[in-house]
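This report concerns only the one structure given below.
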Amino acid sequence: QLQSKILILTICAAGIGGTFQYGYNISIINAPTSYIQAFMNETWLERTGVPLESNVILLLWSFTVSVYPLGGLAGAVVAGPMAIMLGRKMSLLLNNVFVIIAAVLSGFSRTAKSFEMIMLSRFFTGVNAGVSMNIQPMYLAESAPKKLRGAVALTSASFTALGLVLGQVVGLRELLGGEESWPFLLASNVVPALIQLTTLPWFPESPRYLLIDRGDEESCISALQKLRGNSDLSAELEEMLAEQAAVKGQRAKNPCDLFRNPALRWQVMSIVVLSSAMQLCGNDSMYFYAVYVFQEAGIPQDKIPYVVIGTGSCELITSVTCNMIIDYAGRKPLLLGGYIFMAGWATVFMVALSHQTQISWMPYLSMACIFAYILSFGIGPAGVTGVLPTEVFDQMSRPAAYMICGSLLWFNLFLVGTAFPFIVKSLAHFCYVPFLVVCVCTALYVGFFLPETKGKSFLEISEEFKKRNFKAQTHAVFYKGPEEIKSTML
């Protein structure tokens with residue numbers, strides 16, 4: 001049970017201008033595709049007197065879409081230094097500047113007759129999403145009590161799914177998805193930014209950041225009192241002071257330090273595998289197939305946008321469900337179950353696609369696979385992946401760990417977005433074979449190598465990984481002569 005309403009309100013204030021924007025900005029670009037492409041052609045015709053060829057329009061559109069993950073990659077890289085220098089809360093607040101710039105650019109793009117403004121706007125929304133995807137889970141996990149840490153950090157995934165669904169709803173033709181209103185649709189992301197700017201300043205900074213990074217025990221106690229209400233803080237403060245003592249004299253690490261440090265080998269490998277799998281598992285590509293499968297199932301063209309909202313709602317429902325059970329079920333079973341189910345549904349989906357035209361009920365099986373795949377992704381990988389870097393790294397390594405996670409997430413999003421059309425072209429109905437391989441390999445890694453972190457303090461988790469890291473080293477010791485061997489104990 002939550003000790004204080006302040007914690008719930010802090011989660012909402014951080015989420016609405018944080019990971020909500022990631023989901024929202026991914027989905028609002030889909031509705032006005034044809035209108036923006038027509039605007040590009042008209043603008044070029046006015047400037048030069050010559051219309052654009054269809055393949056050039058497609059190239060410009062591809063660039064407009066792919067510049068979003070490139071902005072995200074830039075945001076992920078700057079998020080680490082921002083979190084260290086400015087603090088978690090101030091970084092989230094400052095991050096809204098990128099969205100406000102983006103909203104101004106896209107909102108006035110038609111008036112200025114410049115499609116380049118839309119491209120630049122997408123880059124800035126990407127930067128905003130890159131920063132918030134890294135800092136929001138860090139801020140919330142550091143602010144939450146130990147027994148609720150998983151559920152609180154996982155709200156980041158729930159806000160992403162909520163943004164996805166609301167973006168699909170606002171993008172309907174009856175709302176802002178029409179030909180006249182698309183600049184307002186693209187600029188509507190300024191609303192969550194303004195909500196965060198007016199609400200988040202009232203809530204406390206991360207207590208761990210205040211104590212361990214800033215050394216400000218008084219502000220840390222004040223923040224804890226606001227977040228926990230009247231409950232006893234002595235045990236939690238003692239644990240934080242122990243962590244502060246463990247990292248005393250250390251400076252904040254950068255990603256290169258993490259890769260070079262043998263004491264962090266398994267932690268780094270775990271976040272690299274899981275962050276890469278998050279995008280390479282093919283969940284986002286399911287949305288690519290959704291419209292085609294729904295058409296084959298006989299759903300009228302004008303009703304398809306409403307059914308697509310159902311796919312986004314699936315992800316929202318499962319991420320909220322995952323929120324409720326993560327601190328009971330644990331991280332490992334949710335990840336393992338999610339990837340095993342996704343591997344199963346990917347196999348069924350490919351069989352269904354290959355018999356789509358021969359058997360009358362196959363399109364309905366394909367539809368079921370799309371929903372089941374998205375549900376399996378939402379119940380585990382979607383949320384748990386973002387929680388792990390907070391739990392498996394100490395305070396000095398955490399921002400750098402999120403930089404690695406974020407960079408991989410955005411690079412792989414760009415990679416899948418660019419490569420998937422070519423995969424479909426070359427593998428046809430068996431285009432999910434690469435994603436199936438990723439799901440199976442990730443499930444094997446989680447099953448054999450990832451320890452459970454549920455209900456453990458950050459120091460306990462560090463100790464568990466330390467045993468693994470140095471156990472691996474003891475097997476690799478070679479005889480170098482008696483004078484070099486000081487001790488066999490590690």
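Heads up, the Cβ atoms here are built off N, Cα and C, so glycines get one too.
Matching 7-24, 277-294 against TrEMBL, the residues noted as transmembrane segment span 7-24.
If you take every residue in the domain 'Major facilitator superfamily (MFS) profile' (11-454) and average the pLDDT, you get 87.
Counting residues 6+ beyond its ends, the transmembrane segment (56-80) has Cβ neighbours under 8 Å at 22, 25-26, 29, 33, 36-37, 40-41, 91, 98, 115, 118-119, 122-135, 254-255, 399-400, 402-403, 405-407, 409-411, 413-414, 417-418 in the same chain. Of the two recorded stretches, the transmembrane segment (400-424) lies close to the transmembrane segment (118-139), with three or more CB pairs under 8 Å once pairs fewer than 6 apart in sequence are set aside.
With Cβ pairs under 8 Å as the measure, the transmembrane segment (334-353) is packed most heavily against 365-388, out of 7-24, 92-112, 151-170, 182-203, 365-388. Sequence-remote contacts of a segment are chain residues at least 6 beyond its ends whose Cβ falls under 8 Å from one of its Cβ atoms, and for the transmembrane segment (182-203) they are 6, 9-10, 12-14, 16-18, 20-21, 24-25, 28-29, 31-32, 35-36, 89, 92-93, 96, 99-100, 102-104, 106-111, 118, 121, 125, 128, 163, 170-171, 176, 226.
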